[in-house]
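Quick look at what TrEMBL lists:
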type: COMPBIAS; residues: 1-14; note: compositional bias 'Basic and acidic residues'
type: BINDING; residues: Asp29, Glu216; note: Mg(2+) binding site
type: ACT_SITE; residues: Asp29; note: active site
type: BINDING; residues: 30-34, Arg42, His46, 74-76, Trp78, Arg80, Arg197, 203-205; note: substrate binding site
type: ACT_SITE; residues: Asn77; note: active site, proton acceptor
Amino acid sequence: MTKATEDPAGHVSDEGPGEIPRHVAVIMDGNGRWAQARGLPRTEGHRRGMESLRRIIRHASGIGVGYLTLYSFSSENWRRPAEEVGFLMSLLRFFIRRDLAELHAERVRIRVIGLREGLAPDIAALLDEAESLTAGNDGLTLVIAFNYGSRAEIAEAVRALAVEVAAGRLDPAAIDSDAIGERLFTAGLPDPDLVIRTSGEQRLSNFLLWQSAYSELVFSPVHWPDFDEARFDEAIREYNARERRFGGVGARQGVR
Ligand code: FPP
């Protein structure tokens, strides 16, 4: 097991991440605080956050992560000032227009989770285009959580089950975890092995609540615009130092 070392300036030395988790999900927090600490508008933090996002996608793809899910806009983010919401929408447009062709060439497959309703028609069309263009790719699956909220996702899945039961197509006794999982936005995707949250906050904020039942959670003190490749590898090293037991006793304990 390797350990991250920090020099006096707080830079993390990169000793390699170790075994690569199949699915990494990230709550990209701290754009606003990064900007405020520098006397810049919050929007500048988001702009820099998008550059971090671009770097981390390439890095995750390069080291062999299979699935990378990024919490880009939550269903609660509509409560922010209209100007900030508008800016985040423009960033998504900009990101897809600028990067889609390159991501496609790198064989990245894009999936978008969240509600399309409520989004401007041109944004919904861009998201559809990104998904359909890249659907046949076999590289990194990039899952963009946009207008996403986990409780609404679960409620929608339960509603779909209720409709099927009411129509006589489904026996209530057949409702199990798989039946719910198959009706979530993430149907067909593996559960995240590792959930990273940047910026020191230690909560899930309505992100992948069902899917992260057995995920390892790693909290980084770094604001998202400063979260670089070395920090990503550091989070994976911390993940590798954990023992995942999935409710069992774990290999290190054995049977008594
Ligand atoms: C949290 O920072 C971040 C977000 C709400 C949005 C994440 C957006 C990006 C990383 C930019 C790229 C986006 C797209 C759509 C490509 P915060 O504003 O909550 O930070 P704070 O907690 O310090 O205020």
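The first residue you see is number 1, and the count goes up from there.
Just so it is clear, glycine is given a Cβ too, placed from its N, Cα and C backbone atoms.
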In the three-state scheme derived from DSSP, which category covers Asp29 (Mg(2+) binding site)?
coil
Just the number: how many Å between the Cα atoms of Glu216 (Mg(2+) binding site) and His46 (substrate binding site)?
26
Most Cβ neighbours inside 10 Å, all chains, among the recorded positions Ser75, Asn77:
Ser75
In sequence order, those binding-site residues of Asp29, Gly30, Gly32, Leu204 whose CB lies under 6 Å from ligand 1:
Asp29, Gly30, Gly32
Determine the most Cβ-crowded residue among the binding-site residues Asp29, Glu216, using a 10 Å radius around each Cβ and all protein chains in the structure.
Asp29
Would you say which of the binding-site residues Trp34, Trp78 has the most Cβ atoms within 10 Å of its own Cβ?
Trp34
I'd like the Cβ neighbour count for Gly32 (substrate binding site), meaning other Cβ atoms within 10 Å of its Cβ, all protein chains included.
21
Can you give me the Cα-Cα distance between Trp78 (substrate binding site) and Asp29 (Mg(2+) binding site) in Å, rounded to a whole number?
16
Determine, to the nearest whole angstrom, how far the Cα atom of Asp29 (Mg(2+) binding site) is from the Cα atom of Leu204 (substrate binding site).
11
Rounded distance in angstrom between the Cα atoms of Trp34 (substrate binding site) and Asn77 (active site, proton acceptor)
18
